[in-house]
Every structure is written in structure tokens, then in C-alpha cells.
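Per TrEMBL, these features apply:
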DOMAIN    26-295  domain 'CoA carboxyltransferase N-terminal'
BINDING   30, 33, 49, 52  Zn(2+) binding site
ZN_FING   30-52  zinc finger
REGION    291-364  region 'Disordered'
COMPBIAS  299-308  compositional bias 'Basic and acidic residues'
COMPBIAS  330-348  compositional bias 'Basic and acidic residues'
COMPBIAS  349-358  compositional bias 'Low complexity'
């Protein structure tokens, strides 16, 4: 029996208390450079690595607070939809997965719709929440996006979509695939109203979301290093049996190949969005129309009459008296003597040919 560990240590622990456990989320490791960042410093940098500039995934509420003026905005609740119309179950019931996601994120589904000022100009934002079942698009997300489009038309404001999604929600089957068509019609409704539709592509944007609302923007903005595509790179390589190029499906690769308009760092995203909104919504002042004066021609001059020339034109007058004319050189004279017989021969041939053409053909 060890009296120190069995008797003294328990007594001492009861006296001073147990050691306080350190939370696991105080430090974050950058997946690109491995740099360890304190969580307060990371939040202050908007979850951008201070060492290499890698853009980590930003929680959707932090993103909305970053975009809207003073972090103030009004939310639009998502419409109510059936929770589990297919009674889907794999290793876990779909309803249980929904409850777990709702408990973890305090949200009803994977989309937040809000409207508010961005540098003084009203905009409607539909932002996906990747923490809610990977930002997958089901009926609730589709209905929420339609509500966002309707609100944009009502407010006469641009619609900004911020996808961060793995695609359609497989637990809802064909009902989730139907949302691809619904959100496309919603985008057309915004464009038919003459309003801008802007997309901010974040990491990751894949699957059915990419194949629908993510690629329909009037202006497509991407965050640095974001994965944007339909199928995953590994699936594509296994299908085509070829190695994909470096950086494939990254935002910089898409910019080089014309799939996005610009790649904007997170700290300048708000200013870029405000500038794009201003350019697309502020009406251009019409140019004042001016009446051109009537050009007076000689026919309109009062008392105009035709006059004859005052006299013959003197062709002998030198129009350029200041230009000195040099006499021809010996070489020029020799060239003229050499080419004179040739010109006479060509002239004689042309005259003979013309005479022969004028004569009638001989009778047979």
C-alpha cells in the first residue's frame, strides 16, 4: 500500500480541488500550413490563417454579421415543410438527424435568409449553413430560397446567394432534386424584375447546389481556395482514369478558366459587394439632349447667285514655289533610253491586236 498516492493525494485533491480541464477549442490548427492560432485571434481575423492566408470555413452567423452594416439584419423565417415525407432511415432515422442538427446549430434547417443594409444599400442574403447536415438542400432550403427571391422583388433589392453545401439532401430523395428546378425559377423571377443576382461561392460548393443556383449569378464571386464543382475530384479521376491538373476545382483554377468573375479575400468582400450592388442598381443619369444648329449652305444664303469663273486657270504657276526640283541624273536618262523601245513595242502590239479585233472574220 502506497500511503502517498492512496491517502495523501486524495486528501490534497479534496482540499484544493481538481485540476480544471482546458477546452478543446481554444486553439485551431491551419490545415494548410499547420500554424496554431488562438481562437480569439482567429475570430478577429475572420477565420483566415494569419500565417498563410488560408480561408477556413466561416460560421454563417459570423458571415452575416460581417456583411451587414453594424452586424444588424432582419431574418426571414423558413416556410414550414413536412419533416420526413419519405420516412427515411439508414443507420439512423432522418427525423433524429434533423433534431441533432437543430440542437447543435439552433437553426430549423440549413439556410438563413436575411435582409439589411450593405454600406447603406438594402440587399437580401440567402446563406447556407454547412454545419447543418453539410448545408444540403432539401425542401426547407428550397422553400427558403424562394422566399428570399420573393422578398428581394418586394423590396426591389438585389439577391445575394452564399452557397456552402454538399448538394441535394439524399434523405429526401426526388423531393430534394425538385428544389434544383424551383430555385432556378426563383432566380429567373429576380432577373425578370430587373434586379441583380449575385453569388458568393464559398468552400465547399458542390453537387446539386452548384448545378442550379450557384452558377446562375449575374456576378460570380469566389473566396480564395474554395472548392467549387459538381462531382468530387476523386470521383472524376476514377471515372475518366486520368490525373486531374493541380488546383482543379479551386476558385483560382475556375477564375483562370472563366467560370467565376473574381476571387475576393474575405476582408474586402463587403466592400466588393457594395461596389457591385452600386454599379448594378444605381440608375445612370440621362444625358441632356441638345439641338444641333442648322448648317447654312450657299443655297440658303439670301441673295446667292451663280457666278462664272473670272478667267482661265494658269497651269504654269508653280503650286509649290519653295520646293527645289532636281534635274534627272545620268542613270535616269539611261533607264529612259533603255525602256523607250520596249514601250514602243508594247504600244505597237496593242494597236495591231485592236486592228485585228475590228476586222470581220473570214468567210468559210
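Indices start at 1 and increase along the chain as displayed.
Note: Cβ is positioned from N, Cα and C throughout, glycine not excepted.
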CB-centroid shell, 8 A cutoff, Zn(2+) site 30, 33, 49, 52, site residues removed: 31, 32, 34, 35, 50, 51, 53, 54
Neighbouring C-beta atoms (10 Å sphere around the C-beta of residue 52 (Zn(2+) binding site)): 11
Neighbouring C-beta atoms (10 Å sphere around the C-beta of residue 49 (Zn(2+) binding site)): 20
Helix, strand and coil residues within the zinc finger (30-52) as assigned by DSSP: 6 helix, 4 strand, 13 coil
Segment-level pLDDT (mean, integer) for the zinc finger (30-52): 94
